[in-house]
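Enquirer: Structure in structure tokens, see below.
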Amino acid sequence: MHHIFKDHQKGEKRGFLSPENKNCRRLELRRGHPCSWGLCSQALMASLAGSLLPGSDRSGVETSECVQGGVSDLQEEGKNAINSPMSPALADVHPEDTQLEENEERTMIDPTSKEDPKFKELVKVLLDWINDVLVEERIIVKQLEEDLYDGQVLQKLLEKLAGCKLNVAEVTQSEIGQKQKLQTVLEAVHDLLRPRGWALRWSVDSIHGKNLVAILHLLVSLAMHFRAPIRLPEHVAVQVVVVRKREGLLHSSHISEELTTTTEMMMGRFERDAFDTLFDHAPDKLSVVKKSLITFVNKHLNKLNLEVTELETQFADGVYLVLLMGLLEDYFVPLHNFYLTPESFDQKVHNVSFAFELMLDGGLKKPKARPEDVVNLDLKSTLRVLYNLFTKYKNVE
């Protein structure tokens, strides 16, 4: 079995052989063309500039070996793309995107959208989540579109999340083999997501074609389905450039693609409640609600010489929630059942989950919020939990 690990001294991604394959040669799993896109793009642009701009000096232009074979084919299409009023700027289009068949279509994220802080946060959160899930596999993902397109990492991710084993080859270098693996992996994903009503906004071709929008849709769906202990930024949208070749010319259009909505909607909880209305239409009244809930919880926590001043943060580790349930139900919660001084994210989630179990034992309905949302300082989730306690125990002395 081949794995991927990070050489911490050099900061590089390298192939790694598990003990059972010690006699095999090292295999580099990072696929790609031997020349960097930066070098190729500079040479390509210089060559195009020399052929399109009158009087330009081409004597100083050096083209790498990987570009020379394709420049002549690209010059004419590059010229058409530049001259076409509806075409995207050539600097934003990879060489392979200019080699379209007639009526063929490609999509790419507008470069300005990639600089949006919420988009960057979404990519980072998903990258960190994947690497956390696959840490035991010694796999490190650095770039979503480059590391996930062939299905190998997606296979490992799904197997880890779903606790299953897919019947696919471990390593596939050919395009046909990669697409066959992707087909198997995505069919397994679809079997999981279809019954839950998820919109499947990706395909084998889009994932293998390194379509970042499709890859992000897939990862967001997986994260929500498996209730990943992460908080995705809400309302992330990108401008997508759609490039189509018609009559030998490249034409482009822009569409807005929504990658995330709200956590509740993505989790399938579409019913709205008073807190949705409060946050959306009456934010000025939020401080009144918070003050009432602080008064309620302190009425009981003061018995233990504890006091809450910030709802957003002081319930995030679950300790106060557990102690509050013991006070409201008039029993002592054994200290070995929860972490009194939690340090890790998992310990905090354990505490909040345990508090939720105590609420169910007390006759309350299952909280609408997720434990992970409370730990991640989601104020609306914390308010929902505390308001449920308030409605039942407001008259308890």
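Note that Cβ sites are derived from N, Cα and C of the backbone, with glycine treated the same way.
Unlike curated records, TrEMBL annotations are generated automatically.
Per TrEMBL, the feature domain 'Calponin-homology (CH)' maps to 120-227, 287-394.
Tell me about the setting of these features in this model.
Expert: Break the domain 'Calponin-homology (CH)' (287-394) down by DSSP state and the numbers are 73 helix, 0 strand, 35 coil.
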Enquirer: Summarise the model confidence on the domain 'Calponin-homology (CH)' (120-227) as a single mean pLDDT, whole number.
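Expert: On average, pLDDT over the domain 'Calponin-homology (CH)' (120-227) sits at 89.
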Enquirer: Which residue counts does DSSP give the domain 'Calponin-homology (CH)' (120-227) for helix, strand and coil?
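Expert: DSSP classes over the domain 'Calponin-homology (CH)' (120-227) add up to 74 helix, 0 strand, 34 coil.
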